[in-house]
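Notes follow the structure.
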């Protein structure tokens with residue numbers, strides 16, 4: 001078996017478990033730890049059955065041995081509130097942090113758009129933005145790499161069952177973080193994000209609409225090609241990422257209508273919003289792992305606090 | 001029906017729900033003159049915001065002629081007695097918008113969610129209540145669930161700090177008995193001090209009737225719109241409701257002739273199209289579709305050569321909720337493709 005980079009997943013909930021199932025198939029990542037806070041968590045038992053080391057004492061329960069266990073990458077699938085502490089602790093142990101919470105203390109990362117920049121910058125913490133951001137920012141970038149975009153707006157519609165209590169309690173964080181990343185990563189001068197939650201049964205598959213307003217008349221052929229290329233890039237890690245309609249051109253408006261179906265690993269297929277987060281997180285880890293294995297990436301030493 | 005002596009607080013929507021019918025293009029002068037007229041007629045509450053609430057300015061819902069700040073500043077400055085309210089939909093607007101509105105003198109904040117998703121309103125209702133604002137939890141599309149489920153969601157909003165709960169018939173779909181059942185159960189189950197409101201759309205011509213039924217069942221706040229200016233076939237036409245309430249001896253506090261004049265002289269002249277029950281707005285009420293989808297469906301139908309009624313019926317069948325305006329063009333494209341039109 002080829003050499004892999006060892007990883008820990010913090011947070012054994014739906015996202016952490018789905019990520020684990022995807023990581024077990026990876027040729028570059030080997031999940032070795034699952035970290036939780038509740039000894040009765042079904043996610044921890046599942047991880048244990050799959051042969052991972054587990055702890056219910058939070059990140060502290062793993063710190064003593066994580067270096068010896070060779071953990072070089074950690075995923076945080078907990079909440080924004082505890083993320084900063086988790087990140088500081090694992091960075092001190094020489095591991096890179098991939099943040100799936102909306103804490104966004106590290107630079108935003110949307111793999112097909114700016115993963116290479118994150119690698120080049122040697123970040124110790126990268127943030128995966130939001131589900132809506134992962135699903136839509138590649139499309140904003142597909143337009144903005146053709147010509148300048150004065151305004152980018154995304155509308156993410158997700159099924160009620162796929163929106164957890166954390167997101168619900170702080171839905172403003174979704175709109176703010178996503179809008180910020182539409183600008184910083186998507187390349188729109190001004191960004192706006194809207195989220196709509198729909199309780200229909202059977203649950204609807206995540207759908208996203210992306211509107212870009214371009215400064216000059218849109219170059220239709222170039223944008224169509226750029227969008228198709230970008231969809232193909234995202235499909236490499238989320239096969240159910242589909243352009244349903246568009247790009248529609250209406251004056252300076254360019255609109256794309258997407259549907260995101262998940263792989264159905266642990267989460268149901270309709271929850272493409274959650275799937276695209278775990279898939280993007282793993283994709284990011286794999287890119288870092290490739291560099292680590294080739295000896296091109298070492299985490300900068302972090303001074304102990 | 002005996003409503004004699006009941007006290008009802010009327011809340012005008014023509015400068016917020018009416019923004020849908022005006023594609024959010026009401027001018028500052030129009031806003032100020034209508035607000036002044038409403039104030040002089042004795043209207044206690046006037047809502048002023050983008051049709052989709054604070055922060056609604058977007059490609060998806062339409063860019064307004066002026067920002068929420070500009071509209072609110074203008075209207076707050078011209079009313080003497082009326083209080084000004086603002087609508088906020090979590091997922092579209094944020095607590096930053098809420099603070100901005102309060103700073104400009106808005107005293108009522110209405111936080112609106114789909115009827116099953118009240119828990120996304122915790123931070124906004126909590127913040128508004130903490131700031132000492134009149135805080136309303138506004139449950140939309142209540143025809144889609146049973147009265148018992150509405151109560152559960154209303155109790156969440158009440159627990160976050162809302163002092164008033166609205167049962168909203170966003171599609172203008174509810175029949176009088178359904179309004180009665182919902183309001184009566186809410187009245188029984190919520191705290192006695194929690195106020196109760198009803199918001200209608202006139203798509204089945206039941207706005208006035210359903211509002212009266214709501215008052216009888218225990219609602220004390222009723223939304224309407226002068227001349228009906230609102231999404232779909234409009235809201236309950238307030239001058240009509242006031243005339244009926246006058247005859248029923250309801251204590252509403254409005255000068256009937258003055259509000260009739262506001263409707264006739266100030267609001268009707270600014271309408272782009274007559275607010276009436278046409279084929280499409282009737283379809284909204286019949287199929288249970290969010291009223292502000294109306295003009296989007298008409299535009300998509302014209303652009304792609306499909307029927308707006310077919311679009312609206314399909315949106316109802318898919319159980320779309322408020323805010324899903326982006327579905328309309330997407331669906332029209334699907335329909336046009338399926339029919340070989342593009």
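Backbone N, Cα and C atoms are what each Cβ position is placed from, and that goes for glycine too.
According to TrEMBL:
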ACT_SITE  A:131  active site, acyl-thioester intermediate
BINDING   A:162, A:163, A:164, A:165, A:166, A:167, A:168, A:169, A:170, A:273  NAD(+) binding site
DOMAIN    A:6-121  domain 'Semialdehyde dehydrogenase NAD-binding'
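Shown on the structure are the features that TrEMBL records.
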residue	record	DSSP (3 states)
A:131	active site, acyl-thioester intermediate	helix
A:162	NAD(+) binding site	helix
A:168	NAD(+) binding site	helix
Hey, how far is residue A:162 (NAD(+) binding site) from residue A:131 (active site, acyl-thioester intermediate), Cα to Cα, in Å? 11
List nothing but the largest Cα to Cα distance in Å, as a whole number, among the residues A:162, A:163, A:164, A:165, A:166, A:167, A:168, A:169, A:170, A:273 that the record says bind NAD(+). 18
Taking the Cβ of each of the binding-site residues and counting other Cβ atoms inside 10 Å, which one has the highest number: A:162, A:170? A:162
Between residue A:166 (NAD(+) binding site) and residue A:131 (active site, acyl-thioester intermediate), find the distance joining the two CA atoms and give it rounded to the nearest Å. 13
Fewest-neighbour residue among binding-site residues, criterion Cβ within 10 Å, set A:164, A:166: A:164
Within 10 Å of its Cβ, which one of these recorded positions (A:131, A:168) has the largest number of other Cβ atoms? A:131
Per DSSP, what is the helix/strand/coil residue tally across the domain 'Semialdehyde dehydrogenase NAD-binding' (A:6-121)? 49 helix, 26 strand, 41 coil
Rounded mean pLDDT for the residues that make up the domain 'Semialdehyde dehydrogenase NAD-binding' (A:6-121): 94
Subset of A:131, A:164, A:166, A:168, A:170 (recorded positions) with C-beta under 8 Å from chain B: A:168, A:170
